[in-house]
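Student: Got these off TrEMBL a minute ago, pasting:
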{"type": "ACT_SITE", "residues": "Lys67", "note": "active site, charge relay system"}
{"type": "ACT_SITE", "residues": "Ser144", "note": "active site, charge relay system"}
{"type": "ACT_SITE", "residues": "Ser168", "note": "active site, acyl-ester intermediate"}
{"type": "DOMAIN", "residues": "64-495", "note": "domain 'Amidase'"}
Amino acid sequence: MTAATMRRWASCRVDSNRILFRNPTSLRRSFASSRAVRLSACNHFVSHDDTIANKANKNTNFRVAVKDNIATAGLPTQCASGILVAHVSPFEATIVKQLRARGANVVGKTNMDEFGMGSYSTNSVHGAVSNPLSEGEQLSAGGSSGGSAVAVQLGDADIALGTDTGGSVRLPAAYTGVVGYKPSYGLLSRYGVVPYANSLDTVGILAHDASAISDIVFNTGLYMEHDPSDPTSLSQKARQRCAKASPSQLPPLRDVTIGIPAEYNIEELDPAVREVWAATASSLESQGARIVPVSLPSTKEALCAYYVLAPAEASSNLAKYDGVRYGVRGANGDAAGDTLYSEARGSGFGEEVKRRILLGTYSLSSEAIDNYFIQAQKVRRRVQQDFDRVFGLENPLYEPRQFDLSEMSADLELADKRGPVQVDFLLCPTAPSFPPKLKDLESKSSVDAYTNDVFTVPASLAGLPAVSVPVWPEQSRLPVGMQLIAQYWDDQRLLSMASKLQEAMSS
């Protein structure tokens, strides 16, 4: 860390006993008591089956809400887009089938940002999703999986499925006070998920407790199921290799080292969020965990790289929505189809989707691909290498790599000049601020929304597992999402650590 950064972080190192934390269980009861009032006000479901929701099926083990971009049998899959209004998928997503086989009952489809493009769940043909924690003026539920997060918070589902491309599960989880888990890339099948950016998209899970997610993913063996229908699903052989390389049991906290990334302590971070971050680290330290500073120097370039790569992939994925192959057909057309295509895409897509398609198309053009797309891919690789340097576990997908001091920031002060401290997990905020008011978002630019992903994008670029855990400070009625990040395929220990964090901050 630089000397200035160390001083700024040291000023926030507080005794965790000074900050009181509320027990989330009592909060859930108060939310449940006003559920009927909030159900329609939050606008979190786009299709809902009352028969299923009322547990008519007595064989149901748990209820699951499904994001509107994940295919389901019998319920529309519209991606919150005008171009897919009333579209019903002819098949069901693998992840939904897998959960049904484990006793899940689908209670409905949840609202979202159109095609997953957004940070506030406002870019929807169905209207914005409202945060159930709002008092007075409506707050954002986060995006793009805002509807799924709200369904869990209100008790309409035991778990919910979302998709996380650059933070779309973790950010809503932070805003609404639930746990949001993004798995290692390739762990859960994407077959049946309407793609936004293939190399980044993951199916994520939201629940009140990290232990509930761990039960579904690991205790039922879901993490070892390869899907041959999904080309990005890790092969059975690779899963076995990764499982062998990654320990499944979390050691006692006295044997756990947690890194605090210096580059995440940005000027724009809300002081209240910074204080909770420091108090959370202090609480874990008081229980035996070792807390150390680490450096991820490529973090400052990650957000820019993401908003080159994701729109570029989106422009390709969304080319098929032309009113002929997919999408609502326009009323006008000509023999060549040009008018038909432009009308279908112009009226069917929302403004943010059209903006990202144009941005992505330009990034892939001959005049820009070298300076933007190729450079962004190089940044992505450096981000992944930064993570590999600080984690104690080797990335099971790559050959072990020798640390090179010349690759580190010139002003970084290391206690051990042989290389950075090796850690088990990284701890940082999920979002730099509290959820904004919905009315204030109308005057914000798209760039303002993009910066909200600054803490979630790096793990997505590296394909790493990450989980957002809610912390409820006594002095605020709103939660703060604390994000834990682990090495690739260290998902089981990550969720165990998330459970430990929940216990530590609610005791």
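Using N, Cα and C of the backbone, Cβ positions are placed for all residues, glycine too.
TrEMBL annotations: computationally assigned, not manually curated.
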Student: Roughly how many Å lie between the Cα atoms of Ser144 (active site, charge relay system) and Lys67 (active site, charge relay system), rounded to a whole value?
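Tutor: Distance (Cα to Cα, whole Å): 9 Å.
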Student: Whole-number Å distance between the CA of Lys67 (active site, charge relay system) and the CA of Ser168 (active site, acyl-ester intermediate)?
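Tutor: For Lys67 (active site, charge relay system) versus Ser168 (active site, acyl-ester intermediate), the Cα atoms are 11 Å apart.
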Student: Let me know the model's mean pLDDT on the domain 'Amidase' (64-495).
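Tutor: Taking every residue of the domain 'Amidase' (64-495) together, the mean pLDDT is 92.
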Student: Specify the count of other C-beta atoms within 10 Å of the C-beta of Ser168 (active site, acyl-ester intermediate).
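Tutor: Cβ-Cβ neighbours of Ser168 (active site, acyl-ester intermediate) within 10 Å number 36.
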Student: Within 10 Å of its Cβ, which one of these active-site residues (Lys67, Ser144) has the largest number of other Cβ atoms?
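Tutor: The largest 10 Å Cβ neighbour count belongs to Ser144.
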